[in-house]
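Below: one structure, written as structure tokens.
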């Protein structure tokens, strides 16, 4: 098999000299860490605010321009309720995707670290501290690749440990460093400025739901705009809206352009995310053409690993935290 530059880089990571633990400083204390995950990136915050403003604009036009002036009360109530429910779910999914730590520690990952630290009580203590930090604070802790921590693992010949030279952390398999989050993110698909966060193992469900609900409200808005234009052409323009005819046309055209643009964009993103989940290969792994070193599972098991086990209506809820249960019996041991 031909060795690609990516493979050569991974081989370099396996050498003890590459770890350079003496250049790492201990991770920050618990008191200096926040309990809420939020990326302080100006571009990402601006994109997130714009996303919410565009949803509110669409809701404004749908309600005050199209539905409230309508003479058909049943039509207005049904479409208003449906649109606002989907918009609420979209914003809730966006909120969860933005404020959820994209990293998650699994039982098998803990088991892998346990095997590495076997035979050392102090090593077990440090591993427990590391895993607790990952579970409580989320992302792979910075600066945990210290000389003391690596020595406590008591690595044997053939055992592998990876270290990120940028955040100076011992990272699990399938983790990549994000220059915006400044952390190593496990199963990182990409960094999305629209949610001001990385799409990773722990928040991919919310990102998929966000793209799905945005696509649905965009399609719904386009259909209502089409019906409203037909209604206004048949009736008097002054009676089909509470705004003046020129203002009504401008508002509808802007909504139509916004809905069409986001329908195309989010539909493509939704499709690529579902394909990535089914194949169990992240966008970065596909882009870098990384060698597959993890067990292959069925598409249904991959779906349950992201959305939860077993299948239920909670798959569609941004308020339900995925419960992997027995859906992921073999994870990615370090």
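Backbone N, Cα and C atoms are what each Cβ position is placed from, and that goes for glycine too.
Quick look at what TrEMBL annotates:
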{"type": "TRANSMEM", "residues": "43-67", "note": "transmembrane segment"}
{"type": "TRANSMEM", "residues": "73-92", "note": "transmembrane segment"}
{"type": "TRANSMEM", "residues": "122-140", "note": "transmembrane segment"}
{"type": "DOMAIN", "residues": "163-289", "note": "domain 'Palmitoyltransferase DHHC'"}
{"type": "TRANSMEM", "residues": "206-229", "note": "transmembrane segment"}
{"type": "TRANSMEM", "residues": "249-270", "note": "transmembrane segment"}
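By number of Cβ pairs under 8 Å, the transmembrane segment (73-92) is matched best by 206-229 from the list 43-67, 206-229, 249-270.
Regional average pLDDT for the domain 'Palmitoyltransferase DHHC' (163-289) in the model is 88.
Secondary structure of the domain 'Palmitoyltransferase DHHC' (163-289) per DSSP, as helix, strand and coil residue counts: 72 helix, 19 strand, 36 coil.
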